[in-house]
Ligand code: UD1
């Protein structure tokens, strides 16, 4: 087991390069199931969720090679085992993304139900209802989803809620279904668009990308492609908040600023001086204490739930009061008690946290609980006076590549220590 030890108080300075997006890599890896040829994917991040995805695909009969240039050559064209086992699914909910591709290509799938997770119940009803509408027969027993079909057919899908992975699952399934599928109330997250771009390169016929209505005309086969995964807007946002909370000045390269408008808007409200270029963002806090920002999470293009915890850390030391309202997940405030242990003044009222900024936080021993909550604790530790230790670092390794190396490059005093 590893923990992070942080000595806070140093304003971050310098530049880093954002890794490829975790939430784009996972669906694109699973889309390899649809193709009759291998895919060559570049700009893939080295993360434990990516290793879990590769292990799951290998368990089903895929082969992959890590190329010298860092890209991954993946061949899932002939699966031999149409089961996603509990042991792997339980560690990564995105495993549900095997369902649409397996049903579309092999007409059969058995997938462990992902179950709840730390941030809420996170059901998969939207995925299952939509696939049933497309001609799948689905039974849930003994903790598994058993799905089969005589052949998926296009359908009109109206999602009651906006769901990223449900949209991705249905786009993939519809790409090989017979006829036309229309998805209304589709998620418009940049990671959904990245998957759509990759599928189109593979030969899929999809229109409406970047809008809430997607129209997919099924094709008979999809082929192999080379594709570069988009940058990780959440990783980039996390480093920018780290610079803002420490009063620092950094440049984050290899990003698409357009995909980060909501987060950039909030950073400007904190008092940060921001300059964007085509592929980079410069943030200069000029040593100032941040102004507080009110946040309400919502589907893209609004403020992302995956950046809520990081801004809570920033609001904790801001000059004034603020509210953060979480509308996507029902239990995404596990960082609140940990930040409070560092001296933050936070009050949970339903799905809103009222924060009265304090002058400074003090270092403490903390426990990471989920991916983004853990990131907020790192940011708080970087800004705090004294030493902070964060246990259960494996939560961070699911979504941040080389986290302590990147922070060290920015001048932070941070070490990974075995215990
Ligand atoms: C994805 C992201 C995650 C991000 C989230 C919201 C991946 C791998 N993960 O998660 O990082 O925090 O989007 O932007 O891309 N819901 C249902 N029924 C369903 C599906 C979802 O009720 O069948 C609900 C969920 O409980 C939640 C809301 O819809 O309240 C949105 O969830 P969803 O967009 O599906 O999140 P994920 O795709 O799991």
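Every residue, even glycine, has its Cβ placed from backbone N, Cα and C.
These come from TrEMBL:
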- 7-406: domain 'Enolpyruvate transferase' (DOMAIN)
- 22, 23: phosphoenolpyruvate binding site (BINDING)
- 93, 306, 328: UDP-N-acetyl-alpha-D-glucosamine binding site (BINDING)
- 117: active site, proton donor (ACT_SITE)
- 117: 2-(S-cysteinyl)pyruvic acid O-phosphothioketal (MOD_RES)
Those binding-site residues listed as 22, 93, and which of them has the most Cβ atoms within 10 Å of its own Cβ: 22
Binding-site residues near ligand 1 among 22, 23, 306, 328 (Cβ under 6 Å): 23, 306, 328
Residue 306 (UDP-N-acetyl-alpha-D-glucosamine binding site) and residue 23 (phosphoenolpyruvate binding site), Cα-Cα, nearest whole angstrom: 11
Intrachain C-beta neighbours of residue 306 (UDP-N-acetyl-alpha-D-glucosamine binding site), sequence separation six or more, cut-off 8 angstroms: 234, 372
Nonlocal neighbours by CB distance (under 8 Å) for residue 328 (UDP-N-acetyl-alpha-D-glucosamine binding site), same chain, sequence gap 6 or more: 297, 298, 299, 305
Packing count at residue 23 (phosphoenolpyruvate binding site) (other Cβ atoms within 10 Å of its Cβ): 25
Local backbone state of residue 328 (UDP-N-acetyl-alpha-D-glucosamine binding site), from DSSP in three classes: coil
Helix, strand or coil at residue 93 (UDP-N-acetyl-alpha-D-glucosamine binding site) [DSSP, three-state]: helix
Between residue 22 (phosphoenolpyruvate binding site) and residue 93 (UDP-N-acetyl-alpha-D-glucosamine binding site), the C-alpha gap once rounded to whole angstrom: 13
